[in-house]
Amino acid sequence: MVVRVLFRAVIMGPPGSGKGTVSDRIRKTFELKHLSSGDILRANVNAKTEIGLLMKSCIDQGQLVPDDIITRLILVELRNMGQSSWLLDGFPRTVRQAEALDDAYNINTVINLDVPFQTIKERLTSRWVHLPSGRVYNTSFNPPKITGLDDVTGEPLVQRDDDTPETVTKRLKAYETQTEPVLEYYRSKGVLEIFSGTETNKIWPHVHTFLSRKLAPGNHKAAGKA
């Protein structure tokens, strides 16, 4: 389905919620441009841009990157897209960022993937990696032929620090604390849509149906502002 009206959406969800998969399906199905804040941040750090160096300095010192720096970076990228419909992933993460985004664009819909933390925890802590190749295994649904060993080389698999049970629990709690005010902000504006479930393939049809209806001719007002 081709989007024929100007449509701006945000997708939210904790790490391991299937946000990347759903975002990719939305992009392909509805031909929206997909903008990932994580990709933009990494690109700027790698390219050693002025903002990238500033962000790296904050990260290296264990500090949060200030709202105004991230906001400036994202808004520049969105302006570069011109009059396009897009899906924004990974931003905003604070109410201040959400307010700055609202000042520049009318956000039509905020899609929130509500996956139980226990499901995410099981999903992430089951993930093992062969570091030299980057091959990823999951003991729940994509296990190696021999436990603990890479299928191709037979070398040991490792679990990333981010995927240990303790770290996953901390990440999920931090996400909840940080983003709950943002969800409340969008709920108060009447644009928040919550999709709950434990499997991406079962959540996706509901997202697809909602967006198909939302983008049907006559059901949508063109976004103002930028």
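Every residue gets a Cβ built from N, Cα and C, even glycine.
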Self-check item: region 'NMPbind' range according to TrEMBL, out of 36-65, 66-95, 96-125
Solution: 36-65
Quiz item: Which residues, given as numbers and ranges, are at least 6 beyond the ends of the region 'LID' (126-163) yet have a Cβ under 8 Å from it?
Solution: 171
Quiz item: Counting each residue once, how many in the region 'NMPbind' (36-65) are helix, strand and coil under DSSP?
Solution: 22 helix, 1 strand, 7 coil
Exercise. Tally the residues of the region 'LID' (126-163) by DSSP class, grouping H, G and I as helix, E and B as strand, and everything else as coil.
Key: 3 helix, 12 strand, 23 coil
Quiz item: Quick one, of the binding-site residues Gly16, Gly18, Gly20, which Cβ has the fewest other Cβ within 10 Å?
Solution: Gly20
Quiz item: Say you check the Cα of Gln63 (AMP binding site) against those of the binding-site residues Gly16, Gly18, Gly20, Tyr137; which is nearest?
Solution: Gly16
Quiz item: Here the binding-site residues are Arg93, Arg160; which one has the lowest number of other Cβ atoms no more than 10 Å from its Cβ?
Solution: Arg160
